[in-house]
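As structure tokens, the structure follows; a few thoughts come after it.
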């Protein structure tokens, strides 16, 4: 199987061919996802909640992410694999380089960091050292204590303008991709159209270049409250493989997210 690269995703954006991505944490699910057609995966710090049982992602370490990155890479050797940089693992550009190197050695193709224009020095330093970066704006789970909870971001004009400014700054610093989480659909559309790099949405409407879901949400096995922007694809299909194929199809056809999964 030909490995998926960032060049493939840039081409999809140019051709307006939407793509589905998902979180993965082990070799078995990574292999299953790859066999159904998922070719971009994220080893997310969401594992702190989905696997470790915590209320936030803040307890996750670089060693945790590296361990699961190695497992996912073993199961999906051809996928484009993103790895989250955990809380405080990129507080300085130098620290970001040290920790990103560990994740790249574990099998990641790029690292994802949460934050706006303040991250530009780190993004620039990593890019110059051959570490591709995916930015993350909007709702940033590592900032839950600043936000006061998990809330939609960018609903007023000033906040929306700041998101666009941060997105352009990250792209200018060398970011190769961007995740937008829990922002109004029109804001996400504006940002996606303004950037040359692929934009992946989660709770950001259907006009981003790609979509991502936490696998536990997509399969309806998350405990507690299910966010309004997710869909349980397993409920209708009754089979994990069929559910993943439905997720891919619905994203590619623009059927997911639907209006009920979108913020205005």
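For all residues, glycine too, the Cβ spot is worked out from N, Cα and C.
The annotation 3-methyl-2-oxobutanoate binding site is assigned in Swiss-Prot to 45, 46, 84, 112 on the grounds of sequence analysis. Taking the Cβ of residue 46 (3-methyl-2-oxobutanoate binding site) as reference, residues of its chain lying under 8 Å away and at least six apart in sequence are, in sequence order, 23, 57, 84, 141, 214.
Within its own chain, residue 114 (Mg(2+) binding site) has 136, 137, 140, 141, 142, 143 as residues 6 or more apart in sequence whose C-beta sits under 8 angstroms from its own. For 45, 84, 114, the entry in Swiss-Prot reads Mg(2+) binding site.
In the three-state DSSP reading, residue 181 (active site, proton acceptor) counts as strand. According to Swiss-Prot, the feature active site, proton acceptor maps to 181, an assignment based on sequence analysis.
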Near-site residues: Mg(2+), ref 45, 84, 114, CB cutoff 8 A to centroid: 44, 46, 57, 60, 85, 86, 87, 112, 113, 136, 141, 142
Fewest-neighbour residue among recorded positions, criterion Cβ within 10 Å, set 45, 84, 181: 181
Whole-number Å value for how far residue 112 (3-methyl-2-oxobutanoate binding site) lies from residue 181 (active site, proton acceptor) (Cα to Cα): 13
Conformational class of residue 45 (3-methyl-2-oxobutanoate binding site) under the three-state DSSP mapping: coil
